[in-house]
Ligand SMILES: Nc1ncnc2c1ncn2[C@@H]1O[C@H](COP(=O)(O)OP(=O)(O)OP(=O)(O)O)[C@@H](O)[C@H]1O
């Protein structure tokens, strides 16, 4: 999601595209809007008829009844058109939000995780709200307004041509000035929305690390930081409010100038005997009603200006490339030597990978067979990156990764991931109850199976102590669940998935020795029939492994059994002995 500011004009086709497929609804709304304006425009004619009837001595009752009838009809049409227009705008917003949520969830994990969460939320939340006004005001009301304006001007011209032409000239001049102000409004709105995004990003960071903030006594400092961003958004918002107010003021002044000009010219014409009193009243009413289409056009322009700014930010979410699911065309099965079966397990063949041009893994070759394989090494060396490659969150820049002899790029991502169970480092929980959290993405519907998995990871006693058992509610950030419980819940979920491969990233880092031992026994047991690849710094895990792989400086530095590596590899020995020995 790059943040280069697109021009308002470049967003116009996008705004137009939002209305695509909704032509009939838009046409219906336009007709309703025009009918509503039509009843308004009929009123001056009825007023003129009423006044002329009075001046000629005929009764005023029929005129008054007609005026009331037109007013009631106008009210009903106005309500209906406003309501349907508002609903239409909401529907567009729903469509855009669904598209954005879909785009985010279809995108590559590494691309989305780099985005500031608060900013993404602001784009999906408040930017789409701005869009609603733009769509309703611009695509429908703004589109009908020129027709209404034309009809009003024609009716004015029918009443008095000279006065109508003078007023039209004033309106055109005023419109030009307003347009200049609107361009500034567009830029200020973009900046405001970006400011709100930054504020939310700051607030989100604080909320995620709330206890650290409290314990560090940095509440005031963090509040200052977030409020500082809120103030920056305020300053941009105040600019936008100034330009928006100026647009409104321009429109008001233009209308006053038009009204006073019409009044002056009309009074002079009555004095000269070239205009009737009824005509002047009708004309002045038209001048007042001409406010509506001009106002609608101004509002449409202002709403479009704000909406286009929002659309630019929305578009950057929609443009995040989707992660393709299909198999890559150039992927081939590993050629097994004649008469031999391809190796089972995971094979990395001269794999290089990294992020944004920085190489993290450099030409790694590795065979991860069935059983428990542990990957260890200094922090930030690329252990999680290795798991990212197997899950295809990230693709190798060079080399290939095979699963049971098949290049993983020859598999659909969804098929590949179905064969894997992954527990990420922070072991986040999804779902609102423990039942949902443990069953999440596993297809398991049986409570007994879920309980077995929880027992296997050592959570049986904890669960028995909970007043609502599996129905216990886990709040959004699972603060009522300890770090170790969360890790074990996540492993239980992975076990329930019945996958061929378990990918575990630091799943025992928050466990005490006894809990770790229970969990490791289960993991070792499951590794007899499947591939378990565990990233860890813990010696207890490495001790149990069939194979330990030491990563350093982008390469595999050593591989073997724990006891063997303790003897042969100084780095491994140092890592193992500096870890809290159990
Ligand atoms: N999504 C990403 N975008 C850019 N760089 C990344 C991304 N993820 C990881 N990196 C970088 O790649 C390098 C390896 O990270 P990785 O998470 O694989 O290390 P690790 O060995 O698992 O670390 P640790 O033991 O601390 O968890 C680090 O320098 C990290 O900053």
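Cβ atoms are placed via backbone N, Cα and C, with glycine included.
Worth saying up front: this structure is predicted, and the values here are computed from it rather than measured.
Within the set 60-85, 86-111, the record from TrEMBL flags 60-85 under the feature transmembrane segment. Here TrEMBL gives transmembrane segment for one range in the set 210-229, 270-289, 290-309: that range is 270-289. Note on TrEMBL: of 21-40, 321-340, the range annotated with the feature transmembrane segment is 21-40. Feature transmembrane segment, per TrEMBL, maps to range 138-158 of the set 117-137, 138-158. Among residues of the same chain six or more beyond the transmembrane segment (138-158), those with a C-beta under 8 A of the stretch's C-beta atoms are 15-16, 18-19, 26, 29-30, 33-34, 37-38, 41, 44-45, 85, 88, 164-165, 167-168, 283, 286-287, 289-290, 292-294, 296-297, 299-301, 303-304, 307.
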